[in-house]
Amino acid sequence: MASLSRPSLPSCLCSFLLLLLLQVSSSYAGQFRVIGPRQPIRALVGDEVELPCRISPGKNATGMEVGWYRPPFSRVVHLYRNGRDQDGEQAPEYRGRTELLKDAIGEGKVTLRIRNVRFSDEGGFTCFFRDHSYQEEAAIELKVEDPFYWVSPAVLVLLAVLPVLLLQITVGLVFLCLQYRLRGKLRAEIENLHRTFDPHFLRVPCWKITLFVIVPVLGPLVALIICYNWLHRRLAGQFLEELRNPF
C-alpha cells in the first residue's frame, strides 16, 4: 500500500506568502492621495475663485464622495455624494455661492468655484475624497484681498477731497468770468444811456412817475390783503357752522 505524500514545507510557505500578498494588494488597491495647490490662492472681494483638487494616482471619482469643509468646526462648504450635489448640507453662508466643476471627475480632478468672495472666506479649506471607508484630504489656503489694498488712507482722503476742490475752483472761475462780462455789459449800457439821455424826460409829471413806481409795489400787497381777508372770513364761517352743528 503506497503511503500518501505530504506537502513539503517550502510549498506551504509559498502558498501562505502568496495569499498574504493578495490580501495586502487588495486592501491597498483603493488607496490614493489627495493633492491640492501648495501655494495660497488669492482672490479679490466680490470676484470668483476656483479651488482645484485631485487624487493621485488618477482614477474615476464619479462614485466617490467629494467635498470641501472649513476647519475647525467642519462647516460644509460643498458636498458631492451619490453622483449629486448635496446643497442641503451646506453652511448657510455658502448656499447659492458654490459650484463643483466636474468636467474632469473621470480623471479624479475636481474644482470648487466660489462666487462673490467675502472677507470671511479667507483662511483654510479642506478638500477630501472618500471611497467607501477610505478617505484622504488636502488643505488649501485662500487669501482674500481688498480691490483697493494698494491705496493708502492719505490717498483715499485726497481722492475724496479732490473732486470737491475741483468743483469749487470751476464754480469760482465761472463766476469771475460772468462777473467780468456783466461789468463790461453794464459799462456799455451806461455809456449808451448817457448818449441817448433826453432832457425832456424831466418834464414828465411827477404823479405819473410816482404812479409808475408805486403801483408795481402796492399791487401785490393789496392783492395779498384781499386774499387774507377772504380766507379769514371763510375760516370764521366754517368755525361758526361747527359751533351751530356740533354733531
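Start at 1 and count along the chain as shown; that gives each residue its number.
Using N, Cα and C of the backbone, Cβ positions are placed for all residues, glycine too.
CYS53 (disulfide bond) has a Cβ environment of 24 other Cβ atoms inside 10 Å. Taken from Swiss-Prot, the feature disulfide bond applies to CYS53-CYS127, supported by sequence analysis.
Annotation comment: Swiss-Prot describes 31-145 as domain 'Ig-like V-type'.
With a cut-off of 8 Å between CB atoms and residues at least 6 apart in sequence, the same chain places ILE105, GLY106, GLU107, GLY108 near ASN60 (N-linked glycosylation site), listed in sequence order. Secondary structure at ASN60 (N-linked glycosylation site), as computed by DSSP, is coil. Here Swiss-Prot flags ASN60 as N-linked glycosylation site, drawing on sequence analysis.
Per Swiss-Prot, the feature signal peptide maps to 1-29; the stated evidence is sequence analysis.
Per Swiss-Prot, topological domain 'Extracellular' is recorded for 30-154 (among others), and the stated evidence type is sequence analysis.
Residues or ranges marked as topological domain 'Cytoplasmic' in Swiss-Prot (evidence: sequence analysis): 176-210.
Annotation source Swiss-Prot lists topological domain 'Extracellular' at 232-247 (among others).
For 155-175 (among others), the entry in Swiss-Prot reads transmembrane segment, with the evidence type sequence analysis.
Here Swiss-Prot flags 211-231 (among others) as transmembrane segment.
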Chain-internal residues, separated by at least six, CB under 8 A from CYS127 (disulfide bond): VAL34, GLY36, LEU51, CYS53, VAL66, GLY67, TRP68, LEU112, GLU137, ALA138, ALA139, ILE140
Could you count the residues of the domain 'Ig-like V-type' (31-145) that DSSP puts in helix, in strand and in coil? 12 helix, 61 strand, 42 coil
